[in-house]
Protein chains: 2
Amino acid sequence: MFKVNENYLKLPGSYLFSTIGKKVAAYKEANPDKSIISLGIGDVTQPLAPKIIESLHSAVDEMGKAETFHGYAPDLGYEFLRNAIADGDYKSHGCDIHADEIFVSDGAKCDSGNIQEIFSIDNKIAVCDPVYPVYVDTNVMAGRTGTYDPSTETWSDVIYMPCTAENDFVPDFPKEEPDIIYLCFPNNPTGTTITKAQLQDWVDYANKIGAVIIYDAAYEAYISEDDVAHSIYECEGARTCAIELRSFSKNAGFTGTRLGFTVVPKDLKAGDVTLHSLWARRHGTKYNGAPYIIQRAGEACYSAEGKAQLKEQVAFYMNNAKIIKEGLKDAGYTVFGGVNAPYIWLQTPDKMPSWDFFDFLLKNANVVGTPGSGFGPSGEGYFRLTAFGSHENTLKAIERIKAL
Amino acid sequence: MFKVNENYLKLPGSYLFSTIGKKVAAYKEANPDKSIISLGIGDVTQPLAPKIIESLHSAVDEMGKAETFHGYAPDLGYEFLRNAIADGDYKSHGCDIHADEIFVSDGAKCDSGNIQEIFSIDNKIAVCDPVYPVYVDTNVMAGRTGTYDPSTETWSDVIYMPCTAENDFVPDFPKEEPDIIYLCFPNNPTGTTITKAQLQDWVDYANKIGAVIIYDAAYEAYISEDDVAHSIYECEGARTCAIELRSFSKNAGFTGTRLGFTVVPKDLKAGDVTLHSLWARRHGTKYNGAPYIIQRAGEACYSAEGKAQLKEQVAFYMNNAKIIKEGLKDAGYTVFGGVNAPYIWLQTPDKMPSWDFFDFLLKNANVVGTPGSGFGPSGEGYFRLTAFGSHENTLKAIERIKAL
């Protein structure tokens, strides 16, 4: 008789954004006349840039002719895209990363969930708290996290690194030594970041203790300050301790188009075994490449025209971030983030529990955000709003919140 | 200090098709003047059908306008596609499968690799031998297969079900009881299949012993005989024992476009736990949906126009299959398959080892096929050719083989 993976049954409740989706759907059904504005899930709203659309059409045409048709993609992605990434994201920032260290995928969510597979079940993970739920949940599913304590909402075998207003959202090195450290800067959900010097400290720490940093740089395009690293490979020594995850979702609006990549430097080893060879094996065995037409769309993001159009798009969202941040400040809220990231992290009024504030905002302002506690215990008393709405909706949402 | 997943290190050599790719590349480099014809990897060559191209263009246009832009897709796929699948692939064959039991994905390779995750590590798998390597390799990576014996090229904890000319390529029920049974019909690599009555026997057997059948129906579109089931759900009782994997790669040429789906009926349970809920949790946590434009392309496959165009495409490849099959017969080979599948499975002359025949064919006919032993020990002495080449190349390849 077959048995199921018992680790799945340990997961408390459903995935955060599914829960929010269900709550909103229920409210909508009960209140069909209300117009709800979502600044909740990190989904973009601006259409794909003209240069990307042009490249998609042209790739579609190629797929319609035998001479230019493309079947299975190369395991690790097309060279045209990997070269564009190596030049555009790494060489341009002085990072020593080569095209054959880049693995193209269908997005950073998949990669951030799958990357743990190449590590031993015995490894101990450290995560910032609050944190993007996928890092923890996928380790739960793999059986790496011990037992769950519902009273603290924490796992016995996970090292939590609190990031709150008290420490300026900069995690301290944990007391217990981790094997795998998940870092995401600019951070989701807090919208805050750390300086390049602080990131260098993490790289030095990881190299010292022999840990791997899984560095999620999905929000890199939103960096506006000079002393913030765009890639962890700007830090010395990162090639021997860091894997970097990148996405086209937020810089180019690919949430519904799906493209991302992971960098695994060939210097990253456990004994004789390179993590590069293990990730290549996983790609070759369990994945079949991103669609050709989408990889061409990814390439278009690195053209001069594409870059200019995407810069405008990022500026558009960052203007929303400014509207949210200043509007909330005017309304008396304490707010963080929104300078190097499209997320605004606010303290709930009078330390109201995050889910109560979610319900309060949904009911009284018809605005959907994300409860901080959904990202971990240290997120309690915080709330996330995103800058990915339309200009009009962002203005309207803030007016409604101000009017409360 | 971090440690790697030791199970990855147990995998012997690299993924079959990577090995072939490297061998061919080396031969090409040494013999730049030779024109090589590949009937090896199961990759299609015909361009996407006009109706699909049309729908891709139209979806791309939608992505370029704010009013019709699509961000994150619903976890399980768009309803328009799931409804089209439920009607076109299931209702039309009298199968009781609902749209909400269909999980859209980026292809059957990913699904067939990921599906094992929802099961306990203690479960024992049974596979046909020869077999599509992904089923076994992904279970190796998960630590479910015991130790590898290089002399027999088998794993201690895998139940192998030989499929050879001796048993007409119909697997016998294994002596030891499996928990998970992988079946693929029409079969890759042998190109053979079993009757609906024989499949019903497997469903009855699985229900009797409490096993799950993972049924890979990626080649369903190539079925030409009446007594062959298009879906396992044509069999009575399959809803309580079977998961079905489907692909758009072979019926619609989506190898480079990427789309597939998995059916998990809600009646499939271990105690109170439905496998549907576990697979939904995996999708929600580790996957972010197939691209909107690709899901629209998938929908187009079910339109009247799309269906007619794809029928022609399948007929085109099956004409190649006929050319290969008859040509090889004329040349004195013993051949199987090619009637309900685009694969021809031939016995190597004088029981020549499969990899020797690979080298022989590459060197003397400049034709690339796939060595049977690459699919498992019972594939030794066999060789796979695919019907996915162009008409001209297929003719040329067979002429070359005949001339040997």
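From the backbone N, Cα and C atoms, a Cβ is placed for every residue, glycine too.
According to TrEMBL, the substrate binding site annotation covers B:Y15, B:G42, B:K109, B:Y132, B:N188, B:N288, B:R384. All protein chains shown were included, and the count of other CB atoms within 10 Å of the CB of B:N188 (substrate binding site) stands at 24.
What TrEMBL records for B:35-401 is domain 'Aminotransferase class I/classII large'. Per-residue pLDDT, averaged across the domain 'Aminotransferase class I/classII large' (B:35-401), gives 97.
For B:Y72, B:A108, B:K109, B:Y132, B:N188, B:Y219, B:S247, B:F248, B:S249, B:R258, B:N288, the entry in TrEMBL reads pyridoxal 5'-phosphate binding site.
Here TrEMBL flags B:K250 as N6-(pyridoxal phosphate)lysine. In the three-state DSSP classification, B:K250 (N6-(pyridoxal phosphate)lysine) falls within a helix.
In sequence order, B:N288 are the recorded positions from B:G42, B:Y132, B:N188, B:K250, B:N288, B:R384 with a C-alpha within 10 Å of the C-alpha of B:Y72 (pyridoxal 5'-phosphate binding site). Chain A has a C-beta under 8 angstroms from the C-beta of B:Y72, B:K109, taken from the binding-site residues B:G42, B:Y72, B:K109, B:S247, B:R384. Proximity to B:S247 (pyridoxal 5'-phosphate binding site), judged by a C-alpha distance within 10 Å, picks out B:K109 from the binding-site residues B:K109, B:Y132, B:N288. When each of the binding-site residues B:Y72, B:Y132 is scored by how many other Cβ atoms sit within 10 Å of its Cβ, B:Y72 comes out lowest.
Looking at the residues that bind pyridoxal 5'-phosphate per the record, B:Y72, B:A108, B:K109, B:Y132, B:N188, B:Y219, B:S247, B:F248, B:S249, B:R258, B:N288, the two CA atoms farthest apart are separated by 34 Å. Between the alpha carbons (Cα) of B:R384 (substrate binding site) and B:K250 (N6-(pyridoxal phosphate)lysine) lies a span of roughly 16 Å. Listed in sequence order, B:V134, B:G260 are the same-chain residues at least 6 apart in sequence whose CB falls under 8 Å from the CB of B:K109 (substrate binding site). Across the structure, B:N288 (substrate binding site) and B:S249 (pyridoxal 5'-phosphate binding site) place their CA atoms 20 angstrom apart.
A Cα-Cα distance of 8 Å separates B:G42 (substrate binding site) from B:K250 (N6-(pyridoxal phosphate)lysine). B:K250 (N6-(pyridoxal phosphate)lysine) and B:N188 (substrate binding site) are 12 Å apart (CA-CA, integer value).
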